[in-house]
Amino acid sequence: MNAGTPAEGGRRSRTAWVLNGPNLNLLGKRQPAIYGHETLADVEAECRRTGAELGLEIVFRQSNAEHQIIDWIHEARETACGIVINPAAYTHTSVAILDALNTCEFPIFEVHISNVHKREPFRHHSYVSAVATGVIAGFGTQGYPLALQRLARLTGEATR
Ligand code: DHK
């Protein structure tokens with residue numbers, strides 16, 4: 001569980017987990033007309049820059065395996081102040097990721113680089129949106145730092 005509120009004598013976590021699903025390791029090479037030219041390393045660097053400005057530590061991960069993403073969500077639920085997740089194709093298929101996210105008691109932000117609503121109909125439904133505090137789609141990779149800003153606003157004592 002999260003480290004507890006200051007009122008409970010616990011130290012509030014300031015660690016945000018940024019999780020990325022399948023094929024996002026190929027960002028920059030993969031369908032650049034849709035996903036842009038930035039690589040996942042660029043996104044990670046931007047998240048770390050934004051995190052440093054906001055006083056958030058960043059754990060940044062990508063996997064092509066559903067079970068790995070679920071294991072990371074289980075780890076995050078014990079240590080994080082929130083999750084920013086781009087589940088990629090698992091957005092549209094994974095009840096298991098939804099169930100894992102439902103065990104978390106902190107804000108969850110769903111990010112899509114592309115505007116999934118103007119793409120194929122099978123991309124219009126998201127299992128993850130049922131648990132997400134907020135959803136960002138179509139802002140390119142800028143969606144990640146925007147989600148971190150919102151997370152910091154919702155969880156930070158000074159900015160409340
Ligand atoms: C990334 C993917 O890989 C797709 O499967 C999703 C998402 C959209 C994105 O826009 O970041 O449908």
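Cβ from N, Cα, C; glycine included.
Listed in TrEMBL:
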SITE      R30  site 'Transition state stabilizer'
ACT_SITE  Y35  active site, proton acceptor
BINDING   N86, H92, D99, I113, S114, R123  substrate binding site
ACT_SITE  H112  active site, proton donor
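Within 10 Å (C-alpha to C-alpha) of Y35 (active site, proton acceptor) lie the following binding-site residues from H92, D99, S114, R123: S114. Listed in sequence order, the recorded positions near H112 (active site, proton donor) (C-alpha within 10 Å of its C-alpha) are N86, out of R30, N86, H92, D99. With respect to their backbone Cα atoms, R30 (site 'Transition state stabilizer') and I113 (substrate binding site) stand 12 Å from each other.
Neighbour density for N86 (substrate binding site): within 10 A of its CB lie 27 other CB atoms from the protein chains shown. Looking at R30, H92, H112, R123, the recorded positions in this record, the fewest other C-beta atoms within 10 angstroms of the C-beta turn up around R30. Around I113 (substrate binding site), taking its Cβ as the centre, 23 other Cβ atoms fall within 10 Å, counting all chains. Candidate recorded positions: Y35, D99, S114. Fewest other C-beta atoms within 10 angstroms, D99.
Among the recorded positions R30, N86, D99, residues whose Cβ is positioned under 6 Å from ligand 1 are identified as N86.
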